[in-house]
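Chemist: Before I ask anything, let me first share the structure, which is written out below as structure tokens.
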Amino acid sequence: MPPSKARRKRSLRDITATVATGTVANSKPGSSSTNEGKQQDKKKEGPQEPDIPPLPPVVVNIVPRQGLGCEVVEGLLVPSRKREYKPNSKYTVGNHPIYAIGFNFIDMRYYDVFAIASCNSVIIYRCLENGGFGLLQNYVDEDKDESFYTLSWTIDQVDSSPLLVAAGSNRIIRVINCATEKLDKSLVGHGGSIHEIRTHASKPSLIISASKDESIRLWNVHTGICILVFAGAGGHRHDVLSVDFHPTEVGIFASCGMDNTVKIWSMKEFWIYVEKSYSWTGHPSKFPTRNIQFPVLTAAVHSDYVDCTRWLGDFILSKSVKNAVLLWEPKPDKRRPGEGSVDVLQKYPVPKCSLWFMKFSCDFYSNQMAIGNNKGEIYVWEVQSSPPVLIDRLCNQECKSPIRQTAVSFDGSTILGAADDGAIWRWDEVDPAASSSKPDQAAAPAAGVGAGAGADADADA
């Protein structure tokens, strides 16, 4: 039997007290009674997606110098110093690898909040202006043998509370309500370890999960329903390691895995089941889950494990264990489902990056990409330029452990690295004041959230 709730090991209540109330998540100070009435009206009307700030469209116009179908444009390993970063702080969580780290881009009220997954713990921090980290909440799963590999932020569609979804080796997806500091629900269905979870940007109740059982599952976090399963004759033939929703095409996503392929899937013909999942009142096991066996396109762009993939407009970024990230354009054959061609456009070299399960990340606007390597270095690329431009190479003499995953802040002014030795490394832009792309402060949390004197976690320079 899975544990009924996640045990909260430690919490700074002077930091999280406001987070746990409806004041920050749902209302302005002093208007709780009004909002309570509104919430009751919403419940009567039925659940709907929360009104969250929309993601801007990613504008990409990359034209290789050699032209399509010709030699791939490869970036030079010469830092341009367009943005210079300095190592700021180190925070050691323990001696276990940190497999996942991510900022909250779903809810702009918490744009400076990030979470990590290590061992059987999921820990939430805030990036402080002084360069340190503020510990907000720490959840420890009751299963001591659990090892979390992935996490993703989402939001409650009823009261807009921040939710954190995490999963790993024990095959169960945990949905944690960060406002109530309790486990909201557990999603069961996968037959193997879960390697990645992604949240739909415009429909945050929808998440997809990639598993060792060779399947991808689409879930409705609000109702706890497994809507669709993507596996079968045309599916992956080994562990699925990464997934990502298309930024503008609602029913499209990409997946990749140990079978060396990247697959593009469509759920448009089954969208009626997605809509049905929002109003389902029966037991989740009674929902008519559908299986999709054939992708729109299967691309053999790499010759080894593909452990990370992300959309860049209509293009795809994907990484294997061959010391590089590739940018390519998928061209599905509309007359022959599952077939088509690809044009590999650009190559972003990442020296000494031969380990698998090392993932890259981008800022909110997908302007820059950060990827770690085996030696504790992070390469920061200007991802939308052609030819690719290396912005900076981040290193620290003390950081020698592989960087499993990176997290780039909203505007790219802060870059975090999660290391194999249990350390979080932070680099900050030398002149962050020059950046003008931070989210509107009117959308930020009310004063006092994470701003208390006890918020500054001990950090080593």
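A Cβ is built for glycine as well, from the same backbone N, Cα and C atoms used for every other residue.
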Chemist: Scan 132-164, 165-197, 264-296, 429-461 against Swiss-Prot and say which stretch is down as region 'Disordered'.
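Modeler: That would be 429-461, per the region 'Disordered' entry in Swiss-Prot.
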Chemist: Over the span of the repeat 'WD 5' (351-391), count residues by DSSP class, listing helix, strand and coil in order.
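Modeler: Taking the repeat 'WD 5' (351-391) as a whole: 0 helix, 16 strand, 25 coil.
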Chemist: Should anything in the same chain at least six residues away from the repeat 'WD 6' (398-437) have a Cβ under 8 Å from its Cβ atoms, list it; otherwise answer none.
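Modeler: Tertiary neighbours of the repeat 'WD 6' (398-437) are 83-103, 105, 108, 111-112, 114, 116, 118, 125, 127, 131, 133, 355, 357-365, 367-378, 380, 459.
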Chemist: Look over the recorded stretches 189-229, 301-338, 351-391 and say which has the most C-beta pairs under 8 A to the repeat 'WD 3' (235-275).
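Modeler: Comparing 189-229, 301-338, 351-391: 189-229 has the most Cβ pairs near the repeat 'WD 3' (235-275).
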Chemist: Should anything in the same chain at least six residues away from the repeat 'WD 4' (301-338) have a Cβ under 8 Å from its Cβ atoms, list it; otherwise answer none.
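Modeler: Residues packing against the repeat 'WD 4' (301-338) from afar: 57-60, 62, 68, 72, 234, 241-247, 254-258, 260-262, 264, 294-295, 344-360, 362, 366, 369, 371, 381, 383-384.
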